[in-house]
Amino acid sequence: MKFTKMHGIGNDYVYVNCFKEEVKDPENLSIKLSNRHTGIGSDGLILIKPSTKADFFMDMYNADGSRGKMCGNGIRCVGKYVYDHKMTDKTSLSIETLSGIKYLELNVGEDGKVILVKVNMGEPILKTKDIPVVFDKERVINEPFTVDGINYNLTAVSMGNPHAIVYIDDVDGLEIEKTGPKFEFDSRFPERVNTEFVKVLDRKNIQMRVWERGSGETMACGTGACAVATASILNGYVDNDVTIHLLGGDLTISWEGEGNDLYMKGNAVTVFEGDYPV
Ligand SMILES: N[C@@H](CCC[C@H](N)C(=O)O)C(=O)O
């Protein structure tokens, strides 16, 4: 099976072109090839497929084989993949995901390859039942929430996938391997959850680390950065254009507030191509 390893600010996936390859058991394949010792090494698997509703379809799997409905860093790489591999010559693209169609603007460099991608991520989802999070209010915006005996203030947002955002003082010092799973497997998140641990640096800059559902700590999470920007704007901590600083690099997010779509901009990088025995 031919594959391409790509990353968006360090959030790395193995990409397979399903116009040419048939993938029979993507859940197990994702577990095997994501392994950083015995596989290719990645945060999961992304299949690029035909779509009847959009230019392409993105089908993503986490490193534990679970299926994700949306992937912000992944969708930028899908845009780069289809353009660089000449599967399209369009620089405005639509990509279908399990959480709807997203629209991409590709920024092409002097070598004719995509370097940056801006994505219309749609409108953030705030209703508890749609995230989903079990809570006795319609929304969770800055609400007291205790996990493993520690009191946090939680904001919950879905960007097509569920996110829990908590503000802490020491993002660098956080023992995320201990804390992340406590959120991921908390029964108030019936579909598990991606958790962002965040510090607001000033009105235009936010630091975050992420514990991803199904993949653990990753260098970056695109939907997570969008959820953090949403939460921080709703809480009144930052302006409408904000840079999110993640372990693997920066993403810029703009959101004019409720009733508007949110935009994310960041890089997309090809690391290498190869053959994997299946
Ligand atoms: N890293 C991704 C999100 C991947 C899916 C997530 N772990 C989930 O299960 O919801 C991103 O860049 O958005």
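Glycine too: its Cβ is placed from the backbone N, Cα and C atoms.
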Report the candidate from ASN28, ASN194, ASN240 that shares the substrate site with ASN11, ASN62, GLY72, ASN73, ASN161, GLU212, ARG213, GLY222, THR223, as recorded in TrEMBL.
-> ASN194
How many angstrom lie between the most widely spaced Cα atoms of the substrate binders ASN11, ASN62, GLY72, ASN73, ASN161, ASN194, GLU212, ARG213, GLY222, THR223?
-> 16
Can you count the other CB atoms that lie within 10 A of the CB of GLY72 (substrate binding site)?
-> 26
Position of peak Cβ density within 10 Å, selected from the active-site residues CYS71, CYS221 | CYS221
Ranked by the number of other Cβ atoms within 10 Å of their own Cβ, which of the binding-site residues ASN11, ASN161 ranks first?
-> ASN11
